[in-house]
Amino acid sequence: MARNLDPKCRQCRREGEKLFLKGEKCFTDKCAIERRNYAPGQHGQKSGRLSDYGVQLREKQKLRRIYGVLERQFRNGYELAERQRGVTGENLLQLLECRLDTVSYRMGFGASRSEARQIVRHNGILVNGRRINIPSYQVKPGDVIEVAEKAKNHLRIKASVEAAEQRHFPEWLEVDTKAMKGTFKNKPERSDLPSSINESLVIELYSK
């Protein structure tokens with residue numbers, strides 16, 4: 001299966017902001033953005049002015065990297081969002097937030113989205129009591145997400161849940177940290193998601 005093998009800290013520096021790709025490290029002063037807040041490479045500190053197309057492309061790449069999806073998956077998500085009722089950009093963000101790997105990450109079952117994705121692929125997550133090993137599976141309001149019994153004793157998962165609890169869970173999730181189980185109450189509203197994401201630039205890029 002195709003994967004993005006670029007170093008995660010390098011991806012954050014390329015976008016000029018924290019994408020939270022490396023779990024707990026991103027919340028410490030060891031984060032690469034804290035130490036070298038400029039683009040990687042020989043000319044990283046001499047960033048030139050981007051064209052309108054360049055700005056749109058950078059925003060798309062940033063969004064793809066945040067959610068860890070490849071171009072084909074992202075394009076398919078845009079096309080689905082465009083067919084749905086409502087605002088296309090908000091629909092796209094909701095589709096990304098409803099992915100099983102993202103929901104598992106938000107519930108603290110993985111320190112990062114990539115770690116949560118790996119746990120899903122290894123049959124470590126149940127949805128309504130059924131094993132689902134497809135990271136892109138779309139979680140629906142009312143679905144119950146739970147760490148599989150065999151994975152509940154993994155120290156990394158325990159540590160991730162504890163750290164997520166300290167940072168507080170999103171309003172659209174209800175999580176029982178002791179049972180390692182949570183309910184996806186509803187899809188997040190646009191106001192619930194980071195304002196640093198400008199999804200309208202992505203829609204402008206794809207609609208050309």
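Glycine residues also receive a Cβ, built from the backbone N, Cα and C atoms like all the rest.
According to Swiss-Prot, the features are:
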- 98-158: domain 'S4 RNA-binding' (DOMAIN)
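Summarised as a single figure, the pLDDT of the domain 'S4 RNA-binding' (98-158) averages 97. Here the domain 'S4 RNA-binding' (98-158) has, by DSSP, the following mix of helix, strand and coil residues: 23 helix, 11 strand, 27 coil.
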